[in-house]
Amino acid sequence: MQSATRLTLLLCAAWAAALLYGEMGAYWAAHLSCSWPSASSSSPSPDNHVKIAVIADPQLMDSTSLGLPASSVVLQAIELFTDLNMRRSFQSVILPFKPDVVLFLGDHFDGGPYLSDEEWQESLFRFKHIFSMSEQQTNPHVPIYYLSGNHDIGYSGFHSVHPKVISRYEKEFGPRNYHFLSGEVDFVVVDAQTLDGGAKQSKERASTWEFIKTLSAGNESNPKVLLTHIPLYRPDNTPCGPHRSSPVINQRIHAAAMDQGIRYQNYLSKETSDLLLMLLKPTLVLSGHDHDQCTVVHSTTFGPITEHTLGTISWQQGNLYPSFMLMSAGPKLTPNSTDSIHGVLTNLCFLPKQTHIYIWYIFQFLITVLLLVFWPTNGLSSLPYMNKFVSFMTSVGAELFSRTKEKDDEEDGEYEMVFDAEGSMHLVKKAVTRPPRTNSDSQTMGRGNVVARPTARKHQTEPDSSVLVEMGSETPPEDAGKLPRPSKWNIRKVLQRLFRVVQSIVIIAALNVPLYMMLLFKDWIDR
């Protein structure tokens, strides 16, 4: 019974360690594994750089995500755990870096264009709670900039039928096309959903291109960073770099009927991408939409341009490795400087692999049940193979010790120096004088010789008959083929084992469920 108690306590400690790491330690490790980018690995990020945290595709789940009704308990549980994970990532990993600016690359909601006003407001409330800046003690009024995504307002083919989705978005998140200045770097935000295809006379399409052309004719002294939710065009099967975990997705474009715009696309068209790069001439492009990391270099007439497609921050959006980006926007560069990339520095950071953590919980639960079911009552020492193993190791140790002792006896012998006729010296071991044999020894040997007499052999054959009797007693009875019915004793043992398993699981749950609930909600409640 003591063995079962010790096993239960050991499993309680193992579960407490797993929960502490999975719900808290993994986020500390993610924070410690990343840092603000710098021009060289030996020097930290300069103080005159503006520090920007970049987040892509939170895509809060709703009734359109899984086809479940809004009142479904399953959907509400998935929403809770997904929101909780993103809030914990934001509060425990991203905000401790103390960014000066927070930037979202679009797709704040999952079914934004298709939600009713009431559902949209509910998703907006959840979004503001997850990414709340109220706990930023040093600077709670950090500026936040937003991009519109296809899951927020839809594509151009949807705008022509439901124009209110744009006004609803702009009322809460601001204009869809704008630019802002950080660290003498000009960030240009464009509504990529309205750039391609569709009706040429579309008001949204015309306003976006007018905004871009206005910027292209303006001041070009500051480096520009283009921010677009939909990535720029790249040829099919273009490598995405070492950080991508899923296969590369090639271009797909679905147009609405009667030239009413785009209904879906993976990337902007080649013509649109080339025109954007030619008009804005950015030093860097940041995009989202793909839910996975991808780094490509676009060749232009004025030099190569790097584009970083940032993966989603959510563990429920098809990426096992959620991520965010730390960016440093430096001061204005000198006119003679050719190292323009140092004006904007980026560092890709990864968040805890929440799917792997839940898989580990399931695996540990199975191991816990198996140990409780098959653990022997008296511990491992009661198992036959354990006794044989211990006996074997004991005999091996005794044999090794005896051999060592004999060797030591030989080395401890006495030697004398002997000189031959030529005068050479030799070491000769002295003969060991053994004590004379006593009478008791001779009597013992005599008694041992008696065994060879015929009378002793007569007595020696007696065990043979007993062996035959025992072998004969092992003859199976006639009804041996019939299986005996389980006795009450066996049923009682099974019930006792089942009760012990349930009792241990209840004890483990009683100690660890409160710990899990505390860790689960410590980051959910506003302090």
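Cβ coordinates come from backbone N, Cα and C, glycine included.
No curator has checked TrEMBL annotations; they are predicted automatically.
According to TrEMBL, the feature domain 'Calcineurin-like phosphoesterase' maps to 51-292.
Feature annotation from TrEMBL assigns region 'Disordered' to 452-485.
Listed by sequence, the residues of this chain that lie at least six past the ends of the signal peptide (1-18) yet keep a Cβ under 8 A from its Cβ atoms are 360-361, 364, 368, 371-372, 375-379, 500, 504, 507-508, 511-512, 515. The signal peptide annotation in TrEMBL covers 1-18.
Packing against the transmembrane segment (358-377) from elsewhere in the chain are residues 1, 3-4, 7-8, 11, 14-15, 18, 22, 383, 497, 500-501, 504-505, 508: each is 6 or more residues past its ends and has a CB under 8 Å from a CB in it. Look at TrEMBL and you will find 358-377 (among others) tagged as transmembrane segment.
What TrEMBL lists as transmembrane segment is 498-521 (among others). For the transmembrane segment (498-521), the residues of the chain that approach it from at least six positions outside its boundaries are 4, 7-8, 11-12, 15-16, 19-20, 23-24, 84, 368-369, 372-373, judged by C-beta separation under 8 angstroms.
In this model, the domain 'Calcineurin-like phosphoesterase' (51-292) carries an average pLDDT of 87.
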